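Chemist: Here it is, the structure, as structure tokens.
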Amino acid sequence: MTSATAGLNLSDSVYERLLRERIIFLGTQVDDDIANKLCAQILLLSAEDPSRDISLYINSPGGSVSAGMAIFDTMQFAECDVATFGMGLAASMGQFLLSAGAKGKRYALPHARIMMHQPSAGIGGTASDIAIMAEQFAHTKREMAELIAEHTGQTVEQITADSDRDRWFTAQQALEYGFVDHVVSRAAQAGGTGQ
């Protein structure tokens, strides 16, 4: 009989061991470094076995829109399903990625908090540059609202209204809103992910 940890020793990092189980973890602010790491992990695991799910655990305050969109696009690009698990805090881009998991495979742990708001950015420079950046920012805001609507079943207008200011959700409220498909308190309740 072999165990899931056969061949591993104590010097293996926790994250390496999780990766071998097809579990990846976003436990920081979303930036280019973590986005590149997660994208590489998703691509690697998808190439290794496109028939097995990847489980992405999210405990993140959010962060960079462009870095988050790289993760989002890679999740959609992967041949295998990416199941998402909200734990602790899934705010801003963390919420966006949580709701972007494979339909039917988006989970929140019971005490997770989910927060949605409109994207924000600091803009500076010449008047012409500010006008260009403002136009790009408006496009990004609209695009994100459309994607959240697609993943939650809400209308774009509802997402736009609800994200005007910080809007907080309990795990149960996130389920009712459509960010997640299940609230689970035990791994066995999320059957089939990472197996």
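Glycine is no exception: its Cβ is also placed from the backbone N, Cα and C atoms.
Swiss-Prot lists these features:
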ACT_SITE  Ser92  active site, nucleophile
ACT_SITE  His117  active site
Chemist: Using Cβ atoms only, which residues of the same chain lie under 8 Å from the residue listed as 'active site, nucleophile' while being at least 6 residues apart in sequence?
Modeler: Pro61, Gly62, Gly63, Met115, Met116, His117, Pro119
Chemist: In three-state terms from DSSP, label Ser92 (active site, nucleophile) for me.
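Modeler: Once the DSSP labels are grouped into three classes, Ser92 (active site, nucleophile) ends up as coil.
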